[in-house]
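Remarks on the structure that follows.
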Amino acid sequence: MSHLARTAAASGAIAEGAETETTAAPTKARAKPRADKAMIDRYRWYEVVALYAGIAVFLFFVLAPFIEGFLVSLKPLSQLFSSPYSFLPKNGSFQAYFDMWRSVPALGIHIFNSIFISSVVTLIVIVIVVPASYAFARFEFAGSGLLLGAFLAVNMFSGAVLLIPLFRLMRAVGFLNTYWAMIVPGAAFLIPSSIWLLRTYLMRIPRELDEAAWADGASRLYTLRRVILPLAMPGIVVISIMTFIGAYAQQFIFALTFNSKTEFMPLPVGLFGFFGRQEVLWNELMAASFVGILPVMIVIVFLQRYLVAGLTAGAVKQ
Amino acid sequence: MTRTQSATLFALGLLAPATLYIIGIVAYPLVDTIILSFTNAALRPTYDWVGWANYERIFGAGNFNEVIVRTFIWTFFSVATKMVIGTCGAVLLNATIPGQTVFRILTMPPWVVPMAIGIFMWGWMYNGQFGMISGLLQNFGILSKPFPFLAYGNSAFWATIVTDVWIGVPMVTIYLLAAIQSIPKDLYEAAWTDGAGRFYRFRRITLPLMVPAMLTMSLLSLIATFNSFDIIWILTQGGPSGSTTTMIIDTYKTAIGSYKYGEGAARAVVICIFVSLFCIVYFRAVRQLSKGAVR
(Lines of atoms letter the chains of each structure in order from A and count residues from 1; the text may use other names and numbers.)
(Lines give C-alpha, C1' and ligand atoms only; values in the text may rest on other atoms or scores of the structure.)
Protein backbone atom coordinates (compact mmCIF):
# COMPACT_ATOMS: atom_id res chain seq x y z
CA MET A 1 0.00 0.00 0.00
CA SER A 2 1.46 3.34 -0.93
CA HIS A 3 2.10 5.70 1.90
CA LEU A 4 0.73 8.62 -0.02
CA ALA A 5 -2.63 6.95 -0.20
CA ARG A 6 -2.35 6.57 3.55
CA THR A 7 -1.57 10.24 3.91
CA ALA A 8 -4.51 11.21 1.80
CA ALA A 9 -6.73 9.09 3.93
CA ALA A 10 -5.10 10.47 7.02
CA SER A 11 -5.87 14.02 6.03
CA GLY A 12 -9.35 12.76 5.33
CA ALA A 13 -9.47 11.33 8.81
CA ILE A 14 -8.26 14.62 10.20
CA ALA A 15 -10.93 16.50 8.29
CA GLU A 16 -13.38 13.99 9.62
CA GLY A 17 -12.11 14.48 13.14
CA ALA A 18 -12.79 18.19 12.86
CA GLU A 19 -16.20 17.37 11.54
CA THR A 20 -17.07 15.03 14.37
CA GLU A 21 -16.42 17.90 16.72
CA THR A 22 -18.88 20.16 14.96
CA THR A 23 -21.57 17.51 14.86
CA ALA A 24 -21.11 16.73 18.53
CA ALA A 25 -23.72 19.31 19.53
CA PRO A 26 -26.59 17.88 17.43
CA THR A 27 -25.75 14.41 18.75
CA LYS A 28 -26.29 15.61 22.28
CA ALA A 29 -29.49 17.35 21.28
CA ARG A 30 -30.89 14.13 19.88
CA ALA A 31 -32.70 13.39 23.11
CA LYS A 32 -34.95 16.34 22.37
CA PRO A 33 -38.05 15.96 20.17
CA ARG A 34 -37.38 15.04 16.57
CA ALA A 35 -38.64 18.38 15.33
CA ASP A 36 -35.31 19.88 16.39
CA LYS A 37 -33.50 17.92 13.72
CA ALA A 38 -33.13 19.94 10.53
CA MET A 39 -35.94 19.13 8.13
CA ILE A 40 -33.48 18.48 5.36
CA ASP A 41 -31.90 15.62 7.33
CA ARG A 42 -35.16 13.79 7.93
CA TYR A 43 -35.54 10.44 6.30
CA ARG A 44 -38.67 8.50 5.45
CA TRP A 45 -38.92 5.12 7.13
CA TYR A 46 -38.01 3.17 4.00
CA GLU A 47 -35.00 5.40 3.47
CA VAL A 48 -33.82 4.64 6.99
CA VAL A 49 -34.30 0.92 6.37
CA ALA A 50 -32.37 1.14 3.11
CA LEU A 51 -29.53 3.09 4.76
CA TYR A 52 -29.15 0.61 7.60
CA ALA A 53 -29.33 -2.33 5.21
CA GLY A 54 -26.63 -0.75 3.05
CA ILE A 55 -24.42 -0.03 6.03
CA ALA A 56 -24.94 -3.58 7.30
CA VAL A 57 -23.78 -5.07 3.99
CA PHE A 58 -20.84 -2.65 3.80
CA LEU A 59 -19.70 -3.32 7.36
CA PHE A 60 -20.13 -7.07 6.92
CA PHE A 61 -17.64 -6.97 4.05
CA VAL A 62 -15.24 -4.89 6.11
CA LEU A 63 -15.54 -6.89 9.33
CA ALA A 64 -16.21 -10.45 8.10
CA PRO A 65 -12.56 -11.56 8.32
CA PHE A 66 -12.34 -10.31 11.88
CA ILE A 67 -15.57 -12.05 12.89
CA GLU A 68 -14.44 -15.28 11.26
CA GLY A 69 -10.94 -14.90 12.69
CA PHE A 70 -12.30 -14.41 16.19
CA LEU A 71 -14.64 -17.39 15.93
CA VAL A 72 -11.78 -19.52 14.60
CA SER A 73 -9.65 -18.53 17.59
CA LEU A 74 -12.38 -19.96 19.87
CA LYS A 75 -12.68 -23.29 18.07
CA PRO A 76 -10.56 -26.28 19.04
CA LEU A 77 -8.38 -27.51 16.19
CA SER A 78 -10.36 -30.73 15.81
CA GLN A 79 -13.56 -28.80 15.23
CA LEU A 80 -11.80 -26.45 12.85
CA PHE A 81 -10.78 -29.29 10.58
CA SER A 82 -14.16 -30.98 10.45
CA SER A 83 -16.98 -30.87 7.97
CA PRO A 84 -19.65 -29.82 7.53
CA TYR A 85 -18.68 -26.22 8.13
CA SER A 86 -20.20 -24.55 11.13
CA PHE A 87 -19.95 -20.79 11.45
CA LEU A 88 -20.36 -20.63 15.23
CA PRO A 89 -18.05 -22.59 17.52
CA LYS A 90 -19.54 -25.50 19.47
CA ASN A 91 -18.28 -25.43 23.05
CA GLY A 92 -15.79 -22.72 22.12
CA SER A 93 -13.07 -21.77 24.55
CA PHE A 94 -10.21 -19.36 24.93
CA GLN A 95 -7.78 -22.28 25.14
CA ALA A 96 -5.91 -21.16 22.00
CA TYR A 97 -5.02 -17.89 23.72
CA PHE A 98 -3.08 -19.91 26.30
CA ASP A 99 -1.65 -22.60 24.02
CA MET A 100 -0.23 -20.17 21.47
CA TRP A 101 2.56 -19.03 23.81
CA ARG A 102 3.79 -22.64 23.95
CA SER A 103 3.41 -23.43 20.23
CA VAL A 104 5.45 -20.41 19.23
CA PRO A 105 7.68 -19.66 22.21
CA ALA A 106 8.98 -16.44 20.64
CA LEU A 107 5.48 -14.99 20.26
CA GLY A 108 5.94 -12.51 23.09
CA ILE A 109 9.23 -11.39 21.56
CA HIS A 110 7.56 -10.97 18.16
CA ILE A 111 4.89 -8.71 19.64
CA PHE A 112 7.52 -6.74 21.54
CA ASN A 113 9.60 -6.43 18.33
CA SER A 114 6.60 -5.11 16.41
CA ILE A 115 5.96 -2.42 18.97
CA PHE A 116 9.66 -1.67 19.43
CA ILE A 117 10.36 -1.31 15.69
CA SER A 118 7.31 0.92 15.20
CA SER A 119 8.29 3.10 18.16
CA VAL A 120 11.85 3.64 16.96
CA VAL A 121 10.58 4.33 13.43
CA THR A 122 8.18 6.91 14.86
CA LEU A 123 10.97 8.59 16.85
CA ILE A 124 13.26 8.81 13.80
CA VAL A 125 10.45 10.14 11.64
CA ILE A 126 9.50 12.84 14.15
CA VAL A 127 13.08 14.03 14.65
CA ILE A 128 13.58 14.32 10.89
CA VAL A 129 10.14 15.56 9.92
CA VAL A 130 9.61 18.41 12.39
CA PRO A 131 12.46 20.65 11.14
CA ALA A 132 11.81 19.72 7.51
CA SER A 133 8.12 20.57 7.59
CA TYR A 134 8.87 23.83 9.39
CA ALA A 135 11.26 24.72 6.58
CA PHE A 136 8.63 23.89 3.96
CA ALA A 137 5.91 25.76 5.82
CA ARG A 138 7.84 28.99 6.43
CA PHE A 139 10.69 29.54 4.01
CA GLU A 140 10.43 30.04 0.30
CA PHE A 141 13.69 29.52 -1.49
CA ALA A 142 14.57 28.61 -5.05
CA GLY A 143 13.45 25.06 -5.70
CA SER A 144 11.48 24.57 -2.49
CA GLY A 145 8.38 23.56 -4.43
CA LEU A 146 10.41 21.13 -6.51
CA LEU A 147 11.99 19.60 -3.42
CA LEU A 148 8.58 19.12 -1.82
CA GLY A 149 7.37 17.46 -5.01
CA ALA A 150 10.40 15.18 -4.96
CA PHE A 151 9.61 14.15 -1.39
CA LEU A 152 6.04 13.36 -2.33
CA ALA A 153 7.18 11.33 -5.32
CA VAL A 154 9.03 9.04 -2.91
CA ASN A 155 5.62 7.86 -1.77
CA MET A 156 4.86 6.49 -5.19
CA PHE A 157 7.63 3.93 -5.05
CA SER A 158 7.10 1.00 -2.81
CA GLY A 159 9.92 -0.61 -0.90
CA ALA A 160 9.37 -3.74 -2.96
CA VAL A 161 10.70 -2.07 -6.11
CA LEU A 162 13.92 -0.96 -4.43
CA LEU A 163 14.45 -4.24 -2.62
CA ILE A 164 17.57 -5.36 -4.48
CA PRO A 165 19.72 -2.27 -3.90
CA LEU A 166 18.32 -1.89 -0.39
CA PHE A 167 19.34 -5.47 0.33
CA ARG A 168 22.85 -4.74 -0.94
CA LEU A 169 22.95 -1.50 1.04
CA MET A 170 21.83 -3.21 4.25
CA ARG A 171 24.42 -5.93 3.70
CA ALA A 172 27.15 -3.38 3.01
CA VAL A 173 26.53 -1.44 6.22
CA GLY A 174 26.07 -4.64 8.23
CA PHE A 175 22.40 -4.07 9.07
CA LEU A 176 21.20 -7.44 7.74
CA ASN A 177 19.60 -9.54 10.48
CA THR A 178 19.38 -6.64 12.93
CA TYR A 179 16.55 -4.34 13.98
CA TRP A 180 18.07 -1.58 11.83
CA ALA A 181 17.35 -3.47 8.60
CA MET A 182 13.66 -3.10 9.35
CA ILE A 183 13.76 0.32 11.01
CA VAL A 184 15.87 2.34 8.57
CA PRO A 185 14.05 1.52 5.30
CA GLY A 186 10.70 1.49 7.08
CA ALA A 187 11.16 5.05 8.33
CA ALA A 188 12.25 6.36 4.91
CA PHE A 189 8.93 5.55 3.31
CA LEU A 190 6.96 7.17 6.13
CA ILE A 191 8.87 10.48 6.14
CA PRO A 192 7.33 12.13 3.05
CA SER A 193 3.70 11.75 4.05
CA SER A 194 4.44 13.03 7.55
CA ILE A 195 6.21 16.08 6.13
CA TRP A 196 3.15 16.80 4.03
CA LEU A 197 0.76 16.49 6.98
CA LEU A 198 2.80 18.52 9.45
CA ARG A 199 3.56 21.21 6.89
CA THR A 200 -0.16 21.73 6.38
CA TYR A 201 -0.58 21.98 10.13
CA LEU A 202 2.30 24.43 10.62
CA MET A 203 1.07 26.70 7.85
CA ARG A 204 -1.97 27.44 9.99
CA ILE A 205 0.15 28.93 12.77
CA PRO A 206 0.31 32.64 11.93
CA ARG A 207 3.59 34.04 10.63
CA GLU A 208 3.10 37.05 12.91
CA LEU A 209 4.29 34.90 15.80
CA ASP A 210 7.63 34.22 14.09
CA GLU A 211 7.98 37.87 13.22
CA ALA A 212 7.19 39.01 16.74
CA ALA A 213 9.81 36.64 18.11
CA TRP A 214 12.29 37.91 15.54
CA ALA A 215 11.53 41.51 16.52
CA ASP A 216 12.17 40.59 20.15
CA GLY A 217 15.60 39.39 19.13
CA ALA A 218 15.01 35.66 19.24
CA SER A 219 17.17 33.55 16.96
CA ARG A 220 15.49 31.38 14.33
CA LEU A 221 16.29 28.20 16.18
CA TYR A 222 14.97 29.67 19.43
CA THR A 223 11.76 30.69 17.64
CA LEU A 224 11.30 27.18 16.32
CA ARG A 225 12.01 25.60 19.70
CA ARG A 226 10.15 27.96 22.00
CA VAL A 227 7.39 29.48 19.88
CA ILE A 228 6.49 27.06 17.13
CA LEU A 229 7.09 23.66 18.74
CA PRO A 230 4.70 24.13 21.67
CA LEU A 231 1.98 25.34 19.33
CA ALA A 232 2.64 22.51 16.90
CA MET A 233 2.45 19.83 19.59
CA PRO A 234 -1.08 18.65 18.74
CA GLY A 235 -0.06 18.29 15.09
CA ILE A 236 3.08 16.41 16.08
CA VAL A 237 1.03 14.05 18.23
CA VAL A 238 -1.25 13.35 15.28
CA ILE A 239 1.60 12.54 12.90
CA SER A 240 3.25 10.40 15.59
CA ILE A 241 0.11 8.32 15.86
CA MET A 242 -0.25 8.11 12.07
CA THR A 243 3.39 7.09 11.73
CA PHE A 244 3.19 4.50 14.48
CA ILE A 245 0.12 2.90 12.95
CA GLY A 246 1.67 3.00 9.49
CA ALA A 247 4.87 1.41 10.73
CA TYR A 248 2.97 -1.20 12.71
CA ALA A 249 0.67 -2.06 9.83
CA GLN A 250 3.27 -2.32 7.12
CA GLN A 251 6.16 -4.21 8.60
CA PHE A 252 6.31 -7.19 6.34
CA ILE A 253 8.45 -7.07 3.25
CA PHE A 254 11.62 -5.68 4.88
CA ALA A 255 11.24 -8.02 7.82
CA LEU A 256 10.72 -10.92 5.43
CA THR A 257 13.73 -10.12 3.27
CA PHE A 258 16.33 -8.43 5.47
CA ASN A 259 16.05 -10.48 8.63
CA SER A 260 16.10 -14.20 9.26
CA LYS A 261 16.72 -14.20 13.01
CA THR A 262 13.74 -15.26 15.08
CA GLU A 263 14.62 -12.95 17.95
CA PHE A 264 14.27 -9.84 15.75
CA MET A 265 11.16 -10.87 13.80
CA PRO A 266 8.08 -8.67 14.18
CA LEU A 267 4.69 -10.30 14.60
CA PRO A 268 3.52 -10.40 10.95
CA VAL A 269 6.52 -12.52 9.96
CA GLY A 270 6.57 -14.36 13.29
CA LEU A 271 3.05 -15.61 12.59
CA PHE A 272 4.55 -17.99 10.04
CA GLY A 273 5.75 -19.88 13.12
CA PHE A 274 2.25 -21.37 13.36
CA PHE A 275 2.75 -23.05 10.00
CA GLY A 276 4.01 -26.41 11.21
CA ARG A 277 5.37 -29.22 9.09
CA GLN A 278 2.17 -31.21 9.44
CA GLU A 279 -0.56 -28.68 9.88
CA VAL A 280 -1.26 -25.01 10.45
CA LEU A 281 -2.43 -24.11 13.95
CA TRP A 282 -5.08 -21.77 12.60
CA ASN A 283 -6.91 -21.24 15.88
CA GLU A 284 -3.73 -20.17 17.65
CA LEU A 285 -2.64 -18.12 14.64
CA MET A 286 -5.91 -16.19 14.85
CA ALA A 287 -5.63 -15.83 18.62
CA ALA A 288 -2.12 -14.43 18.24
CA SER A 289 -3.38 -12.09 15.53
CA PHE A 290 -6.00 -10.68 17.84
CA VAL A 291 -3.44 -10.09 20.55
CA GLY A 292 -1.30 -8.35 17.89
CA ILE A 293 -4.22 -6.18 16.82
CA LEU A 294 -4.88 -5.04 20.38
CA PRO A 295 -2.14 -2.36 20.57
CA VAL A 296 -3.43 -0.67 17.40
CA MET A 297 -6.97 -0.77 18.67
CA ILE A 298 -5.86 0.93 21.89
CA VAL A 299 -4.01 3.53 19.84
CA ILE A 300 -7.08 4.03 17.66
CA VAL A 301 -9.15 4.90 20.70
CA PHE A 302 -6.57 7.59 21.40
CA LEU A 303 -6.42 8.57 17.74
CA GLN A 304 -10.09 9.41 17.67
CA ARG A 305 -9.69 11.70 20.66
CA TYR A 306 -6.36 13.25 19.66
CA LEU A 307 -7.35 13.90 16.09
CA VAL A 308 -10.25 15.98 17.28
CA ALA A 309 -8.31 17.59 20.12
CA GLY A 310 -5.28 18.16 17.91
CA LEU A 311 -7.23 20.10 15.38
CA THR A 312 -9.45 22.12 17.61
CA ALA A 313 -6.98 22.92 20.38
CA GLY A 314 -4.36 24.43 18.03
CA ALA A 315 -4.03 27.46 20.31
CA VAL A 316 -4.00 30.09 17.59
CA LYS A 317 -6.58 30.38 14.90
CA GLN A 318 -6.19 32.56 11.85
CA MET B 1 24.79 38.11 4.81
CA THR B 2 21.29 39.42 4.14
CA ARG B 3 18.27 38.24 6.02
CA THR B 4 16.95 36.28 3.04
CA GLN B 5 20.24 34.50 2.60
CA SER B 6 20.43 33.51 6.21
CA ALA B 7 16.81 32.37 6.08
CA THR B 8 17.59 30.17 3.10
CA LEU B 9 20.63 28.73 4.84
CA PHE B 10 18.56 28.03 7.94
CA ALA B 11 15.86 26.34 5.88
CA LEU B 12 18.41 24.20 4.08
CA GLY B 13 19.86 23.22 7.43
CA LEU B 14 16.44 22.14 8.64
CA LEU B 15 15.88 20.15 5.48
CA ALA B 16 19.28 18.48 5.46
CA PRO B 17 18.47 15.43 7.64
CA ALA B 18 15.32 14.57 5.71
CA THR B 19 16.97 15.11 2.35
CA LEU B 20 20.04 13.06 3.20
CA TYR B 21 17.90 10.24 4.58
CA ILE B 22 15.77 10.07 1.46
CA ILE B 23 18.81 10.29 -0.80
CA GLY B 24 20.44 7.42 1.07
CA ILE B 25 17.47 5.10 1.35
CA VAL B 26 15.41 5.95 -1.73
CA ALA B 27 17.29 7.98 -4.33
CA TYR B 28 20.56 6.08 -4.20
CA PRO B 29 18.84 2.66 -4.38
CA LEU B 30 16.80 3.94 -7.31
CA VAL B 31 19.95 4.89 -9.20
CA ASP B 32 21.58 1.64 -8.13
CA THR B 33 18.62 -0.31 -9.54
CA ILE B 34 19.07 1.36 -12.90
CA ILE B 35 22.82 0.64 -12.90
CA LEU B 36 22.33 -2.96 -11.78
CA SER B 37 19.81 -3.55 -14.52
CA PHE B 38 22.64 -3.25 -17.04
CA THR B 39 24.80 -5.83 -15.25
CA ASN B 40 24.73 -9.55 -14.60
CA ALA B 41 24.90 -9.08 -10.82
CA ALA B 42 24.06 -12.17 -8.79
CA LEU B 43 25.28 -13.71 -5.57
CA ARG B 44 28.91 -13.51 -6.78
CA PRO B 45 30.80 -10.50 -5.40
CA THR B 46 31.83 -9.29 -8.86
CA TYR B 47 29.71 -8.62 -11.90
CA ASP B 48 30.06 -7.26 -15.43
CA TRP B 49 28.36 -4.68 -17.54
CA VAL B 50 26.10 -6.46 -20.02
CA GLY B 51 24.39 -3.52 -21.72
CA TRP B 52 20.79 -4.12 -22.72
CA ALA B 53 21.07 -7.90 -22.40
CA ASN B 54 18.75 -8.12 -19.39
CA TYR B 55 16.07 -6.07 -21.11
CA GLU B 56 16.41 -8.09 -24.31
CA ARG B 57 16.05 -11.27 -22.30
CA ILE B 58 12.97 -10.27 -20.30
CA PHE B 59 11.13 -8.79 -23.26
CA GLY B 60 12.35 -11.37 -25.76
CA ALA B 61 11.74 -14.65 -24.02
CA GLY B 62 9.54 -15.80 -21.21
CA ASN B 63 6.27 -14.38 -20.08
CA PHE B 64 7.15 -10.84 -19.01
CA ASN B 65 4.67 -9.23 -21.39
CA GLU B 66 2.01 -11.53 -20.06
CA VAL B 67 2.91 -10.46 -16.50
CA ILE B 68 2.57 -6.78 -17.46
CA VAL B 69 -0.86 -7.34 -18.97
CA ARG B 70 -1.94 -9.38 -15.94
CA THR B 71 -0.73 -6.64 -13.58
CA PHE B 72 -2.79 -4.05 -15.42
CA ILE B 73 -5.93 -6.20 -15.42
CA TRP B 74 -5.47 -6.99 -11.72
CA THR B 75 -4.90 -3.33 -10.88
CA PHE B 76 -7.80 -2.11 -12.99
CA PHE B 77 -10.40 -4.38 -11.43
CA SER B 78 -9.09 -3.78 -7.95
CA VAL B 79 -9.10 0.02 -8.24
CA ALA B 80 -12.49 0.12 -9.96
CA THR B 81 -14.08 -2.05 -7.27
CA LYS B 82 -12.46 -0.03 -4.48
CA MET B 83 -13.83 3.19 -5.94
CA VAL B 84 -17.36 1.83 -6.35
CA ILE B 85 -17.54 0.31 -2.86
CA GLY B 86 -15.73 3.30 -1.34
CA THR B 87 -18.18 5.77 -2.91
CA CYS B 88 -21.16 3.77 -1.68
CA GLY B 89 -19.59 3.53 1.76
CA ALA B 90 -18.88 7.26 1.92
CA VAL B 91 -22.45 8.13 0.94
CA LEU B 92 -23.88 5.69 3.49
CA LEU B 93 -21.62 6.91 6.28
CA ASN B 94 -22.51 10.50 5.48
CA ALA B 95 -26.19 9.95 6.26
CA THR B 96 -27.19 11.58 9.54
CA ILE B 97 -28.62 8.56 11.32
CA PRO B 98 -28.05 7.23 14.85
CA GLY B 99 -24.86 5.20 15.11
CA GLN B 100 -23.03 7.25 12.48
CA THR B 101 -19.85 7.71 14.54
CA VAL B 102 -19.67 4.03 15.51
CA PHE B 103 -20.11 2.96 11.88
CA ARG B 104 -17.29 5.28 10.84
CA ILE B 105 -14.92 3.81 13.42
CA LEU B 106 -15.91 0.27 12.43
CA THR B 107 -14.87 1.03 8.86
CA MET B 108 -11.25 1.55 9.81
CA PRO B 109 -9.86 -1.83 11.00
CA PRO B 110 -8.65 -3.25 7.67
CA TRP B 111 -6.68 -0.05 7.17
CA VAL B 112 -4.99 0.17 10.58
CA VAL B 113 -4.49 -3.47 11.48
CA PRO B 114 -1.17 -5.01 10.36
CA MET B 115 -1.78 -5.94 6.72
CA ALA B 116 -0.28 -9.39 7.11
CA ILE B 117 -2.75 -10.27 9.86
CA GLY B 118 -5.76 -9.32 7.75
CA ILE B 119 -4.34 -11.32 4.86
CA PHE B 120 -3.85 -14.42 7.03
CA MET B 121 -7.52 -14.19 7.96
CA TRP B 122 -8.50 -14.06 4.31
CA GLY B 123 -6.21 -16.98 3.62
CA TRP B 124 -8.24 -19.06 6.05
CA MET B 125 -11.55 -17.81 4.66
CA TYR B 126 -10.54 -18.97 1.17
CA ASN B 127 -9.73 -22.46 2.46
CA GLY B 128 -11.88 -24.93 0.54
CA GLN B 129 -12.51 -27.59 3.16
CA PHE B 130 -12.94 -25.49 6.26
CA GLY B 131 -13.02 -21.83 5.26
CA MET B 132 -15.93 -19.47 5.75
CA ILE B 133 -16.70 -18.58 2.14
CA SER B 134 -16.79 -22.11 0.79
CA GLY B 135 -18.52 -23.27 3.98
CA LEU B 136 -21.30 -20.67 3.91
CA LEU B 137 -21.84 -21.10 0.17
CA GLN B 138 -22.30 -24.83 0.80
CA ASN B 139 -24.66 -24.16 3.70
CA PHE B 140 -26.76 -21.98 1.42
CA GLY B 141 -26.63 -24.65 -1.29
CA ILE B 142 -24.80 -22.48 -3.83
CA LEU B 143 -21.79 -24.78 -3.90
CA SER B 144 -22.29 -28.53 -3.86
CA LYS B 145 -18.79 -29.40 -2.69
CA PRO B 146 -15.82 -27.62 -1.08
CA PHE B 147 -14.14 -25.10 -3.35
CA PRO B 148 -10.51 -24.12 -2.60
CA PHE B 149 -10.39 -20.57 -3.94
CA LEU B 150 -6.63 -20.27 -3.98
CA ALA B 151 -5.99 -23.60 -5.72
CA TYR B 152 -7.17 -22.60 -9.19
CA GLY B 153 -5.63 -19.86 -11.30
CA ASN B 154 -8.83 -18.06 -12.12
CA SER B 155 -10.37 -18.04 -8.66
CA ALA B 156 -7.03 -17.21 -7.02
CA PHE B 157 -6.72 -14.19 -9.32
CA TRP B 158 -10.11 -12.86 -8.20
CA ALA B 159 -9.58 -13.85 -4.58
CA THR B 160 -6.42 -11.75 -4.36
CA ILE B 161 -8.32 -8.84 -5.93
CA VAL B 162 -11.09 -9.15 -3.32
CA THR B 163 -8.55 -9.06 -0.49
CA ASP B 164 -6.80 -6.06 -2.02
CA VAL B 165 -10.15 -4.30 -2.32
CA TRP B 166 -10.88 -5.11 1.32
CA ILE B 167 -7.63 -3.52 2.45
CA GLY B 168 -8.07 -0.46 0.24
CA VAL B 169 -11.75 0.30 0.82
CA PRO B 170 -11.47 2.01 4.25
CA MET B 171 -9.15 4.75 3.10
CA VAL B 172 -11.09 5.37 -0.10
CA THR B 173 -14.26 5.57 1.97
CA ILE B 174 -12.84 7.94 4.58
CA TYR B 175 -11.19 10.15 1.97
CA LEU B 176 -14.38 10.42 -0.06
CA LEU B 177 -16.41 10.99 3.09
CA ALA B 178 -14.20 13.98 3.88
CA ALA B 179 -14.76 15.20 0.32
CA ILE B 180 -18.53 14.97 0.68
CA GLN B 181 -18.40 16.83 3.96
CA SER B 182 -16.43 19.68 2.43
CA ILE B 183 -19.33 20.44 0.08
CA PRO B 184 -21.01 23.62 1.37
CA LYS B 185 -24.27 22.86 3.17
CA ASP B 186 -26.08 25.89 1.73
CA LEU B 187 -26.02 24.29 -1.72
CA TYR B 188 -28.18 21.48 -0.37
CA GLU B 189 -30.40 23.87 1.53
CA ALA B 190 -30.96 26.02 -1.53
CA ALA B 191 -31.81 22.98 -3.64
CA TRP B 192 -34.07 21.66 -0.89
CA THR B 193 -35.92 24.97 -0.66
CA ASP B 194 -36.52 24.75 -4.39
CA GLY B 195 -38.10 21.35 -3.85
CA ALA B 196 -35.29 19.10 -5.06
CA GLY B 197 -35.58 15.53 -3.76
CA ARG B 198 -32.79 13.66 -2.00
CA PHE B 199 -31.77 11.63 -5.03
CA TYR B 200 -31.85 14.69 -7.26
CA ARG B 201 -29.62 16.58 -4.80
CA PHE B 202 -27.23 13.64 -4.74
CA ARG B 203 -27.05 13.42 -8.53
CA ARG B 204 -26.77 17.17 -9.17
CA ILE B 205 -24.74 18.37 -6.19
CA THR B 206 -22.90 15.57 -4.37
CA LEU B 207 -21.77 13.55 -7.35
CA PRO B 208 -20.40 16.39 -9.53
CA LEU B 209 -18.59 17.97 -6.58
CA MET B 210 -17.08 14.62 -5.61
CA VAL B 211 -15.49 14.08 -9.01
CA PRO B 212 -12.16 15.83 -8.22
CA ALA B 213 -11.69 13.80 -5.03
CA MET B 214 -12.65 10.62 -6.84
CA LEU B 215 -10.10 11.33 -9.57
CA THR B 216 -7.34 12.03 -7.06
CA MET B 217 -8.18 8.95 -5.04
CA SER B 218 -8.34 6.63 -8.03
CA LEU B 219 -4.89 7.76 -9.14
CA LEU B 220 -3.46 7.30 -5.64
CA SER B 221 -5.17 3.97 -5.38
CA LEU B 222 -3.86 2.99 -8.80
CA ILE B 223 -0.28 3.59 -7.68
CA ALA B 224 -0.78 1.77 -4.37
CA THR B 225 -2.44 -1.21 -6.03
CA PHE B 226 0.16 -1.42 -8.76
CA ASN B 227 2.82 -1.78 -6.05
CA SER B 228 0.84 -4.27 -3.97
CA PHE B 229 3.06 -7.06 -2.68
CA ASP B 230 2.01 -8.46 0.71
CA ILE B 231 -1.43 -9.70 -0.30
CA ILE B 232 -0.39 -11.85 -3.22
CA TRP B 233 2.78 -13.01 -1.53
CA ILE B 234 1.01 -14.29 1.59
CA LEU B 235 -2.02 -15.74 -0.20
CA THR B 236 -0.50 -17.42 -3.26
CA GLN B 237 3.16 -16.37 -3.70
CA GLY B 238 2.18 -15.63 -7.29
CA GLY B 239 0.75 -19.07 -7.96
CA PRO B 240 -0.92 -21.34 -8.84
CA SER B 241 1.32 -21.67 -11.88
CA GLY B 242 1.93 -17.94 -12.12
CA SER B 243 -1.71 -16.90 -12.40
CA THR B 244 -1.35 -14.22 -9.72
CA THR B 245 2.20 -13.18 -10.56
CA THR B 246 2.12 -9.41 -10.93
CA MET B 247 5.17 -7.34 -11.80
CA ILE B 248 6.16 -6.79 -8.18
CA ILE B 249 5.89 -10.50 -7.35
CA ASP B 250 7.76 -11.34 -10.53
CA THR B 251 10.59 -8.97 -9.61
CA TYR B 252 10.76 -10.34 -6.08
CA LYS B 253 10.93 -13.93 -7.31
CA THR B 254 13.64 -13.14 -9.84
CA ALA B 255 15.79 -11.05 -7.54
CA ILE B 256 15.33 -12.46 -4.05
CA GLY B 257 14.09 -15.94 -4.93
CA SER B 258 16.57 -16.78 -7.70
CA TYR B 259 19.30 -14.29 -6.75
CA LYS B 260 19.34 -12.82 -10.28
CA TYR B 261 19.90 -9.24 -9.10
CA GLY B 262 20.71 -7.82 -12.54
CA GLU B 263 17.68 -9.27 -14.26
CA GLY B 264 15.48 -8.47 -11.27
CA ALA B 265 16.69 -4.87 -11.39
CA ALA B 266 15.71 -4.65 -15.05
CA ARG B 267 12.22 -5.82 -14.14
CA ALA B 268 12.13 -3.29 -11.29
CA VAL B 269 13.13 -0.50 -13.69
CA VAL B 270 10.14 -1.32 -15.89
CA ILE B 271 7.90 -0.99 -12.82
CA CYS B 272 9.55 2.35 -11.99
CA ILE B 273 8.86 3.61 -15.51
CA PHE B 274 5.17 2.79 -15.18
CA VAL B 275 4.99 4.27 -11.68
CA SER B 276 6.70 7.47 -12.89
CA LEU B 277 4.12 7.78 -15.65
CA PHE B 278 1.29 7.43 -13.11
CA CYS B 279 3.10 9.95 -10.95
CA ILE B 280 3.24 12.53 -13.74
CA VAL B 281 -0.46 12.04 -14.46
CA TYR B 282 -1.21 12.38 -10.74
CA PHE B 283 0.72 15.62 -10.24
CA ARG B 284 -0.77 17.07 -13.44
CA ALA B 285 -4.25 16.14 -12.31
CA VAL B 286 -3.75 17.62 -8.85
CA ARG B 287 -2.50 20.87 -10.34
CA GLN B 288 -5.41 21.05 -12.79
CA LEU B 289 -7.95 20.29 -10.08
CA SER B 290 -6.57 22.82 -7.63
CA LYS B 291 -6.66 25.45 -10.38
CA GLY B 292 -10.33 24.95 -11.07
CA ALA B 293 -11.19 24.16 -7.47
CA VAL B 294 -14.87 24.26 -6.73
CA ARG B 295 -14.42 24.52 -3.01
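Each Cβ is built from the backbone N, Cα and C atoms, and glycine gets one as well.
Predicted automatically and left uncurated, TrEMBL annotations should be read as such.
Copied over from TrEMBL:
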type	residues	note
COMPBIAS	A:1-28	compositional bias 'Low complexity'
DOMAIN	A:111-303	domain 'ABC transmembrane type-1'
REGION	A:1-30	region 'Disordered'
TRANSMEM	A:45-67	transmembrane segment
TRANSMEM	A:107-134	transmembrane segment
TRANSMEM	A:146-167	transmembrane segment
TRANSMEM	A:179-198	transmembrane segment
TRANSMEM	A:227-249	transmembrane segment
TRANSMEM	A:285-303	transmembrane segment
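Between the transmembrane segment (A:285-303) and the listed ranges A:45-67, A:107-134, A:146-167, A:179-198, the one holding the most Cβ pairs under 8 Å is A:107-134. Each of A:45-67, A:107-134, A:146-167 was scored by its Cβ pairs under 8 Å to the transmembrane segment (A:179-198), and the highest score goes to A:107-134. Same-chain neighbours of the transmembrane segment (A:45-67): none, counting only residues six or more beyond its ends whose CB sits under 8 Å from a CB of the stretch. Beyond the ends of the transmembrane segment (A:107-134), by six or more residues, the same chain brings 100-101, 179, 182-183, 186-187, 190-191, 194-199, 201-202, 224, 228-229, 232, 236, 239-240, 243-244, 247-248, 251, 262-271, 273, 288, 291-292, 295 to within a C-beta distance below 8 angstroms of the stretch.
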